[in-house]
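A.B. asks: Let me give you the structure first, and then I'll get to my questions.
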Amino acid sequence: MKADVIVGIQWGDEGKGKIVDMLAQKYDMVCRSQGGHNAGHTIWVDGVRYALQLIPSGILNPKAVNVIGNGVVVSPLNIIKEMSQFSSLEGRLFISDKAHLNLPFHALIDQAKERLKGDKAIGTTGKGIGPTYAEKVSRTGFRMGELLNPIKLCDDILEYFKQNRSIFDVLDISTPNKDELLAELNEYKEKLSPFITNTTNLVWKAIDENKRILLEGAQGTMLDIDHGTYPYVTSSSTVSAGSCTGLGINPKDIGVITGIVKAYCTRVGNGPFPTEDFTEAGKTIGEVGKEFGTVTGRKRRCGWFDAVAVRYASRLNGCDQLALMKLDVLDGFSKIKVCVAYELDGERIDYMPSDMQNVKPIYEEIDGWDSVVGIQDFDKLPVNAKKYIEKIEEITSVKVGIISTSPERADTIIRG
């Protein structure tokens, strides 16, 4: 059986957590393939809020196996903290021995470099994700499997500190001594060793046994290292194809690809955001949508739906359908805008240029509606809400197959 993919196709924070949690109830295995604890996903179940960063959303399904793949960078401190929320995780959670370790000094490097950039800072979460991926690519990083031999790992990290002493000195970063470091690594080993394994073989076996598998993306397509709004991007591949490299499976193993989008747009940090709205409307969207970052708590920038960007991301990911999230946040607006094209250097364009800094949105307006909260049947949606969805389908050429009308799991429309 093929593995289905959930992927964000805006700038992250699209609401993937709710959809993965809802769908995970019918899957045997849920996998993360990239990112780190810079990517938060929020799930609401029976009025209770769960904020996860590394552990897949399938953890709330007691029957599902959850896999953190080789493409993820894992902070032992953070995953141990997350794991403490749950009981009986052995046999339900597995971490790739090839996933790279995101250690405390990586975050210090990240934060120091951002400070040095001043007003040219990217706006990272400061969690050390970039430095960890940089070490992975330069072949100087450390992997989860090395935690199983903490004495050797300690020596290797101390040698790394020695070789990079000039960098740590310039950035004014102090490093732990041998005793401190070894104690830290021994604690990690004690708490994490039962979960570290060869996850590629685990996923292959599940595929061969026709298990139902869901691949959960983190962040969003517009933050992809290659295809996003570079350099204001993350350090990993956030598109559906990244699921293959991040788990060790081949493209033929991929099934249905669902792109997750908000009914409007948000972005955290710096970088181009064509439809950002600085008026009262943008402020209202942020307040009603409670648009604050799961990881950083930072206020998200808010704006109207960018159909040009979504069309680009849908094609890039090969989306079979879209899941439209937070439609209820637009309740009560008299007019709702949709970006249908851009203006660049005085010309109208219908594609995403490599440099988004100078594009201006071209909008169409749609009449608003009163409320969609709690509606679970497409036919019961207000007429104008249906028109809004149809406009998105028309421009993106992708069917909106799932519609969320409140944070609750049950308040979701599934279209046949």
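Even glycines carry a Cβ here, placed using N, Cα and C.
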A.B. asks: Which of these, Gln163, Gln219, Gln321, does Swiss-Prot list as part of the IMP site with Asp13, Glu14, Gly15, Lys16, Asn38, Ala39, Gly40, His41, Thr125, Arg139, Thr234, Arg298?
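C.D. replies: IMP site check in Swiss-Prot: besides Asp13, Glu14, Gly15, Lys16, Asn38, Ala39, Gly40, His41, Thr125, Arg139, Thr234, Arg298, the record includes Gln219 out of Gln163, Gln219, Gln321.
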A.B. asks: Do any of Arg300, Leu327, Thr405 (binding-site residues) have a CA within 10 A of Gly40 (IMP binding site), and if so which?
C.D. replies: none
A.B. asks: Ten-angstrom check, please: count other Cβ atoms within 10 Å of the Cβ of Arg298 (IMP binding site), all chains counted.
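C.D. replies: Here the count is 13.
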A.B. asks: So how many other Cβ atoms are close to Asn38 (IMP binding site), meaning within 10 Å of its Cβ?
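C.D. replies: Counting Cβ neighbours of Asn38 (IMP binding site) within 10 Å gives 30.
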A.B. asks: Taking Gly12 (GTP binding site) as the reference, which of Asn38, Thr125, Gly297, Arg298, Lys299 (the binding-site residues) have a CA within 10 A of its CA?
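C.D. replies: Candidates kept after distance check: none.
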A.B. asks: What's the CA to CA span in angstrom from Arg300 (substrate binding site) over to Asp13 (active site, proton acceptor)?
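C.D. replies: One finds 9 Å between the Cα atoms of these residues.
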A.B. asks: List, in sequence order, the same-chain residues at least six positions removed whose CB sits under 8 Å from that of Gly15 (GTP binding site)?
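C.D. replies: Listed in sequence order: Ile260, Lys262, Ala323, Met325, Lys326, Ser404.
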A.B. asks: When DSSP states are folded down to helix, strand and coil, where does Lys299 (substrate binding site) land?
C.D. replies: strand
